[in-house]
Amino acid sequence: MVMLLLLLSALAGLFGAAEGQEFRLGKCTSPPVQENFDPNKYFGRWYEIEKIPTTFEKGRCIQANYSLKENGKIKVLNQELRADGTVNQIEGEASPVNITEPAKLEVKFFWFMPSAPYWVLATDYENYALVYSCVSIINLFRVDYAWILARNRHLPSETVDFLKNILTSNNIDVKKMTVTDQENCPEFS
């Protein structure tokens, strides 16, 4: 059993290093989310300021747009500018996991893939939002994801530090967070 755990650890470390994501020992943490979350105030465009690197976001000028769908769920439209100048976008759907905690959402982009958590840890709706997600792998490892979002392409460093402190206080490592390039970006439709 110990040999199997060592092998899984080594493989997870290699995969994480290759993809820019980090596998951590243990289950996903459960940080507190935004109290009295109001999705209607959250709707609209958000620009990505910083993130824990992901395999599925490789471009720049990354932004997300949230709106209400006819079925009552939330439309999620993520867009980025690729290095070759083309726009990459993906559309998904989010819905609350539990009506008593509306800041805990699940988002799904492909019908054949499971939903992923999308937890709004903090937002003032007008300037910033902090989003956290975590994927547990066979209850031994976890991969943390975090995004600092803003209504504008730039956010004061004090606000970024405030949001990173929320992550750190919940045992979410921010050392690998990277700044998203939001310079000279086109307006996506």
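Heads up, the Cβ atoms here are built off N, Cα and C, so glycines get one too.
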- Item | Of the candidates Cys61, Cys134, the one sharing a disulfide with Cys28 in Swiss-Prot | Cys134
- Message: For Cys28, Cys61, Cys185, listed as disulfide-bonded residues, tell me which one has the smallest number of other Cβ atoms within 10 Å.
- Response: Cys185
- What is the nearest of the recorded positions Cys28, Asn65, Asn98, Cys134 to Cys185 (disulfide bond), using the Cα of each? Asn65
- Considering only the recorded positions Cys61, Asn65, Asn98, which residue has the minimal Cα-Cα separation from Cys28 (disulfide bond)? Asn98
- Query: Any idea which of the recorded positions Asn65, Asn98, Cys134 has the thinnest Cβ neighbourhood at 10 Å?
  - Reply: Asn98
- Would you kindly give the Cα-Cα distance separating Asn98 (N-linked glycosylation site) and Cys134 (disulfide bond), rounded to the nearest Å? 17
